[in-house]
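Here the structure is laid out as structure tokens; the discussion comes afterwards.
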Amino acid sequence: MPDPVRVLVTGAAGQIGYSLVPLIARGHLLGPDQPVILHLLDIPAAVQSLEGLEMELLDGAFPLLRGIVATTDILHGAAGVKVAVMLGGFPRKEGMERKDVMAKNVTIYKTQATALEAHADNDVKVVVVANPANTNALILKEHAPKIPSKNITCLTRLDHNRAVAQIAHRAGLPVPNVRNVIIWGNHSSTQYPDVNHGIVKTLDGSKKPIREVIKDDAWLNGDFIKTVQQRGAEVIRLRKFSSALSAANAVCDHVYNWVRGTPEGQWVSMGVSSDGSYGVPVGLMFSFPVKTRKGEWEIVKGLKIDAFSKEKLDATTAELVEEKALADSIIKGSSQ
Ligand code: NAI
């Protein structure tokens with residue numbers, strides 16, 4: 001067996017953390033042959049929950065789990081980690097303005113970026129989950145210039161999985177039969193779930209475009225998009241808490257594909273730093289279709305974007321540009 005890999009989970013005592021850490025300990029993040037040492041970080045107010053979580057992890061007797069570092073100190077938490085899953089952040093509370101939440105998260109992500117840059121493995125792979133995920137990742141990227149920008153990503157895989165599941169359900173086929181949907185843009189209600197390049201493998205084994213199999217463009221251009229965009233809010237309405245089980249599962253899918261690659265001919269959605277593809281401003285953290293191989297992702301280029309899609313891409317780009325401007329103004333204000 002290879003040496004254990006250190007994996008940091010910030011906000012580990014929270015809801016997603018509780019679903020995620022057993023999956024990591026079972027090998028769903030890095031593979032069934034990769035031992036791990038879990039670094040669990042949370043704030044002092046959550047220290048008891050963190051202790052309880054550590055106890056339960058020990059009680060799980062997970063064969064791949066070779067150690068636990070539970071801490072409230074990011075410098076300690078970041079030491080030597082090769083993967084960092086950022087769940088910790090300041091939630092939006094009733095009556096709070098968007099810029100107030102952003103200001104809290106700018107402070108958190110600046111500090112954690114600096115700690116990761118100084119203490120994590122030089123090739124640390126980061127996935128930011130805490131909202132606003134794309135912009136938190138952008139702040140982290142801008143404050144950790146020594147970490148290669150290709151190593152900093154944000155999670156849109158949950159949205160991707162939601163889109164795949166909706167199509168599979170509608171087609172009456174298993175989930176693996178649906179491939180190459182795309183989530184473009186922000187992890188927010190402006191995201192654009194795009195099926196125009198997606199394929200369905202039908203029961204006779206033939207591969208057909210999603211639109212040809214579903215045969216309902218009105219649904220695909222209307223309720224399907226809305227359902228995926230609003231799914232998180234709908235889960236909150238019913239559960240009174242945000243998606244946790246499905247978010248944890250998506251974190252594992254995101255990192256697993258990143259590290260182990262995507263199957264031949266298939267892509268997944270990841271929030272990554274734009275290289276200007278599809279007219280998205282360079283450096284914006286944007287969800288694109290990506291193919292991965294040996295720990296490197298590559299944006300799928302040259303897909304045809306029709307007028308309907310272009311309008312949706314422009315809307316989500318505009319929202320991210322606005323979020324970036326807000327974050328930049330907060331950073332500028334705090335450094336004066
Ligand atoms: P939660 O509120 O249950 O847990 C968050 C944890 O972060 C808490 O234990 C809190 O004490 C901790 N925390 C706060 N500030 C911290 C800091 N500075 N350092 C370390 N830990 C800190 O929230 P939950 O449900 O686990 O969600 C986590 C985040 O993920 C939220 O921001 C949520 O909106 C977001 N989310 C993102 C999704 C995505 O697809 N990108 C999907 C679902 C949730």
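Note: Cβ is positioned from N, Cα and C throughout, glycine not excepted.
Automatic, uncurated: that is what TrEMBL annotation is.
What TrEMBL lists as domain 'Lactate/malate dehydrogenase N-terminal' is 5-152.
As annotated by TrEMBL, NAD(+) binding site applies to Gly11, Ala12, Ala13, Gly14, Gln15, Ile16, Gly17, Asp42, Asn105, Val129, Ala130, Asn131. A 10 Å cutoff on Cβ-Cβ distances gives Gly11 (NAD(+) binding site) a total of 22 other Cβ atoms nearby, all chains included.
DSSP classifies Asn131 (substrate binding site) as coil under the three-state reduction. Long-range C-beta contacts of Asn131 (substrate binding site), restricted to its own chain and to partners at least six residues apart, with a cutoff below 8 Å, comprise Gly89, Pro91, Arg92, His187. What TrEMBL records for Arg92, Arg98, Asn131, Arg162 is substrate binding site.
The annotation domain 'Lactate/malate dehydrogenase C-terminal' is assigned in TrEMBL to 156-325.
The active site, proton acceptor annotation in TrEMBL covers His187. Annotation note: His187 (active site, proton acceptor) sits in a coil segment as assigned by DSSP. Other Cβ atoms within 10 Å of the Cβ of His187 (active site, proton acceptor) number 28 in total over all chains.
Annotation for Arg162 (substrate binding site): spatial neighbours Pro193, Thr227, Val228, Arg231, Ser246, criterion Cβ-Cβ under 8 Å with sequence separation of six or more. When the neighbouring Cβ atoms lying within 10 Å are counted for each of the binding-site residues (Arg92, Arg98), the highest count belongs to Arg92. Checking the binding-site residues Gln15, Arg98, Asn105 against ligand 1 with a 6 Å cutoff on the Cβ atom leaves Gln15, in sequence order.
Just so you know, of the binding-site residues Ala13, Ala130, the Cβ with the fewest other Cβ atoms around it within 10 Å is the one at Ala130.
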